[in-house]
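One structure is given here, and the rest of the page talks about it.
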Amino acid sequence: MPRRTDLNHVLVIGSGPIVIGQACEFDYAGTQACRVLRAEGLQVSLVNSNPATIMTDPEFADHTYVEPITPAFVERVIVQQAERGNRIDALLATLGGQTALNTAVALYENGVLERYGVELIGADFEAIQRGEDRQRFKDLVAKVGGESARSKVCFTMDEVRETVEDLGLPVVVRPSFTMGGLGSGMAHSDEEVGRMAGAGLVASPSANVLIEESVYGWKEFELELMRDGHDSVVVVCSIENVDPMGVHTGDSVTVAPAMTLTDWEYQRMRDLGIAILREVGVDTGGCNIQFAINPHDGRLIVIEMNPRVSRSSALASKATGFPIAKIAVKLAVGYTLDEILNDITKETPACFEPALDYVVVKAPRFAFEKFPGADPTLTTTMKSVGEAMSLGRNFVEALGKVMRSLETGRFGFWTAPDPQGDVDQVLLRLKTPTEGRLYDVELALRLGASTEKVAQVSGIDPWFVAQIGELVKLRDELVAAPVLDAELLRRAKHNGLSDRQITALRPELLGEDGVRSLRKRLGIHPVYKTVDTCAAEFEAKTPYHYSSYELDPAAETEVVPQTEKPKVLILGSGPNRIGQGIEFDYSCVHAAITLSHNGFETVMVNCNPETVSTDYDTADRLYFEPLTFEDVLEVFYAEEQSAAGGAGVAGVIVQLGGQTPLGLAQRLADAGVPIVGTSPEAIDLAEDRGAFGDVLTAAGLPAPKYGTATTFAQARRIAAEIGYPVLVRPSYVLGGRGMEIVYDEETLKDYITRATALSHEHPVLVDRFLEDAVEIDVDALCDGTEVYIGGVMEHIEEAGIHSGDSACALPPVTLGRSDLEKVRQATEAIARGIGVVGLLNVQYALKEDVLYVLEANPRASRTVPFVSKATAIPLAKACARIMLGSSISQLRFEGMLAASGDGGNVASHAPIAVKEAVLPFNRLRRADGAAIDSLLGPEMKSTGEVMGIDHDFGRAFAKSQTAAYGSLPTQGTVFVSVANRDKRLLVFPVKRLADLGFHVIATEGTAEMLRRKGIPCDEVRKHFEPPKAGRPALSAVDAIRAGDVDMVINTPYGNSGPRIDGYEIRSAAVSVNIPCVTTVQGASAAVQGIEAGIRGDIGVRSLQELHSAIGAGIAADNEVQ
């Protein structure tokens, strides 16, 4: 069946910012979708608010709209294209997660799609409703002979209470049409039911929740299926959760293929899955179905279905080599499975189900260390911020690799001191699912607990527990063996142990280098296998590799050189985490693409299954491997050996993947690996405060006074000399980890006690904190001689809030020409002083006309994608070319960089782009269910970002807020409670809100000040202030929780008593999902955004149009000059 000829123009909706529950797997899916559609000759319009994605690069669509993903904005795109005579024929929403699906449903229900003749493809409206609506799906499962958990859909709290009485406690609360289990949880008491169901009714777009019987402790499985228009169905992959029901699948360690299913259970699950897929009506695409099995009686029930490409779809794609998103798009435009060729084998059609002769393990990455108040218990609400995946020939080999891929400071079992406690305490901990529970499984077994006991208390299947038990036996052998011989060492490596783990057990081997030397002498090295989708039945034509240590010494590697071109290894960024996310993958992908087009064979090394970089056709060759020194070095050796007289490895790129590869640079260089671009010595120079200070002194550049301390006494002396407040942090961190503003000696002592434990090898840095300064971010390129300013960003929040959490504007809004000239001169001096070859990010603070240098990072920054989208300059591609020998003047001549000028010169009429951070406060809760504090500071907390771009700042800021958190209010009530130091500065923005018609309420002190300034204001009492006669009865928190407040402005009070009241105010705002502004500058920006919203003239423009306008502006400026 050929492609549909009635489709000419398809609209693709992305998933928006990276949030917990919806990450960069949808950039991977969306990028594939755009590639396929354009390859089929279709015109593509794309809507996605996330500038850090590959899919929003202008070359992936004909019309790229970096706009909020809301029904209103998507409708504007549809209308704009129709008015231009370029009507959109179809909407593909099954590749953008829950955000895209919910937006498509709203557009259908509002009549927009019918009005403009737009067809839903991939899954129609009825299929989405049947798959997503809890009650309809439950009825459908029963119709095909399946069973669901006993449950009822409830629309009111009265219905909830009746259902709980019928089912009995505990129950599971699941809101409809939400992602990542948002709002769901296990309720063990009536109080918990009330809290969770109340929150769930708010979280659900359809305002209903499913109350179902608890199946906590059951085994959980998933199937990935695809169906075409001829009713052919393939089961792509089965996935088993190591953690039992009760832990969200995104937070569980998962294994593919499923390990513990009987043949009867698998066949029953498969038959049910196919029947459900057909009954739901997903006839041109893929879906994910989750099942649970009672381990005691074998009862099998269907949990839920995603009638779209999901997080698990990305995992299944990378696990099998079967490109689910790509094939889903081909099915959506009319092809059938038998007409689509397998990209890996180039012979078999897509109707051949994948077969695996290896095991895949995925493990989640958490960020609880960033949120000390958050409850670390794993529940049905997803909390992980990223994940890693590994492949091995057996389960324990893959498990060992994935554990060291997570970069948590532990490199697998036995690489960190065991927590204190006896076996009973460890078993008690295992009853509550937490981040490190597999370590407790191993420890319990080592302390003498039986496999059965550990399985019983943890709910983990005995097979998985027994596999870890085999590792415990192997550990005992390694410790007891008089000599580490070839057979034992080979077995250790075959079972996934790293050199680091082995040296922890055998310290006489003198570290990793000693273990590696011993392996080499004994001829023990990894072989590299190929992911081929067919268990070696057909030859793989696509080089997608993983390592394994085979027991057979004669086993051979399957890596073969693709060309005689020189090879470049690109080290990715590993699992997403706060501080190191999709922005770095963006730069790695750009490097692979541009170097492949410029005479190099590109080799990607990464372990993140969500990313575009680990798509098998991004680089010329892919290694799905941990980003550790040992694993990267072995890949380098394999590539060198495979050259066989041809071109070897020209170099390894470490400066694009964030801190992870940077941390490997010096050791790799010492091992003889060529590092291209900025040298490891220059990287270290930028991190060494003393050496970097010398660079600044030579250039005559001021920096905040600072000192380096390794003891509290030293830190106290430095702080006394500098003057409080001071900024303290450990060296060599990303995302501001461990960074705090300290106001007094007592707090400093507390910090030093914690921070030195955080970083043993590097000292603590103590800086003067510049209050009320304007922070500036600069991304620049340097070829060793010439410097090219990519972009200058002005932070909206003041210095002291981490740059990754602060909104910023490009071009700067308040900086003058003289300020920009200071920035240029300082950046050029720093780039040359360090010796940068490639990208450089510098952060400045401007205070009283003095430009202070805060820090310089000779690497790609998280703002590179944003700057590239805002300026139309591909900084990451240019960086890759520069690192491999091109000059800036050459790139100007080729047209990759502007022929004259750069991002330090703002073109006339340039649009304003605003980047806003997206924070996970609605996901992470305290143990009592209360929201964690939304206050920002020097430690980064955001998971993702959005971009708003328009003609002026107000419109651009309004778009950024809509994309990140929902529209700013244009009427209603604003609550104001601010610290004394901020009251004078907040008078103007609050007066403007009152003039716009807002009702202002405030606590006593703030209300008195506002009334003195002529601003009408009603008073409410503080949360912890008892009601008094003649005083307001209503507290601020009561008003917020009652829904009587539309926006909160609350700046922190420092360490004084009112700080607790501020927490209650901010957490209440998070709970009811209203804007909560915590800085003066943020309030001023919000007012400008609200004014733009009231005017109502916010339109949409594609990046292609905006970039054309930028080019025209630059040309006009050049003519004037």
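From the backbone N, Cα and C atoms, a Cβ is placed for every residue, glycine too.
Taken from Swiss-Prot, the feature ATP 1 binding site applies to Arg134, Arg174, Gly180, Gly181, Glu213, Val215, Glu220, Gly246, Val247, His248, Gln290, Glu304, supported by sequence analysis. Secondary structure from DSSP puts Glu304 (Mn(2+) 1 binding site) in a beta strand.
Its Cβ placed at the centre, Glu304 (Mn(2+) 1 binding site) has 19 other Cβ atoms within 10 Å. Sequence annotations record features per position, and here Swiss-Prot assigns Mn(2+) 1 binding site to Gln290, Glu304.
Per Swiss-Prot, the feature Mg(2+) 1 binding site maps to Gln290, Glu304. Secondary structure at Gln290 (ATP 1 binding site), taken from DSSP and collapsed to helix, strand or coil, is strand.
The feature Mn(2+) 2 binding site is assigned by Swiss-Prot to Glu304, Asn306.
Summarising the annotation, Swiss-Prot assigns Mg(2+) 2 binding site to Glu304, Asn306.
The Cβ neighbour count for Gln843 (ATP 2 binding site), using a 10 Å radius over every protein chain in view, is 19. The ATP 2 binding site annotation in Swiss-Prot covers Arg729, Arg768, Leu770, Glu775, Gly800, Ile801, His802, Ser803, Gln843, Glu855.
Under the heading Mn(2+) 3 binding site, Swiss-Prot lists Gln843, Glu855, citing sequence analysis as support.
In the three-state DSSP scheme, Gln843 (ATP 2 binding site) is classed as strand. Residues or ranges marked as Mg(2+) 3 binding site by Swiss-Prot: Gln843, Glu855.
If you look up Swiss-Prot, you'll see Glu855, Asn857 marked as Mg(2+) 4 binding site, on the strength of sequence analysis. In the three-state DSSP scheme, Asn857 (Mg(2+) 4 binding site) falls into the strand class. The C-beta environment of Asn857 (Mg(2+) 4 binding site), restricted to residues of the same chain at least 6 apart in sequence and closer than 8 Å, consists of Ala686, Leu840, Asn841, Val842.
According to Swiss-Prot, the feature Mn(2+) 4 binding site maps to Glu855, Asn857, an assignment based on sequence analysis. Remark: Glu855 (Mn(2+) 3 binding site) has Val842, Gln843 as non-local neighbours, by Cβ distance under 8 Å and separation of at least 6 in sequence.
On the 0 to 100 pLDDT scale, the model's mean across the domain 'ATP-grasp 1' (138-333) is 90. Look at Swiss-Prot and you will find 138-333 tagged as domain 'ATP-grasp 1'.
According to Swiss-Prot, the domain 'ATP-grasp 2' annotation covers 693-884.
The domain 'MGS-like' annotation in Swiss-Prot covers 966-1113, and the record cites sequence analysis as its basis.
According to Swiss-Prot, the feature region 'Oligomerization domain' maps to 408-559.
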Closest of Arg134, Glu220, Gln290, Glu304, Asn306 to His802 (ATP 2 binding site), Cα positions, binding-site residues only: Asn306
Among Arg729, Arg768, Leu770, Glu775, Gly800, Ile801, His802, Ser803, Gln843, Glu855, listed as contacts of ATP 2, what is the widest Cα spread in Å, to the nearest whole number? 18
Quiz question: given the binding-site residues Val247, Leu770, which has the greatest number of C-beta atoms lying within 10 angstroms of its own C-beta? Val247
Filtered by Cβ under 8 Å and at least 6 apart in sequence, the residues in the chain of Arg134 (ATP 1 binding site) near it are Ser151, Val153, Arg174, Ser176, Asn208, Leu210, Glu304
Whole-Å Cα distance, Gln290 (ATP 1 binding site) to Leu770 (ATP 2 binding site), is 52
List the residues of the same chain that sit at least 6 positions away from Asn306 (Mn(2+) 2 binding site) in sequence and have their Cβ under 8 Å from its Cβ, in sequence order, or write 'none'. Gly131, Cys287, Asn288, Ile289, Ser312
By DSSP assignment, list the helix, strand and coil residue numbers for the domain 'MGS-like' (966-1113), in that order. 72 helix, 19 strand, 57 coil
Taking only the CA atoms, the spacing between Leu770 (ATP 2 binding site) and Glu220 (ATP 1 binding site), expressed in whole angstrom, is 52
Arg729 (ATP 2 binding site) sits from Glu220 (ATP 1 binding site) (Cα to Cα, rounded, in Å) at a distance of 42
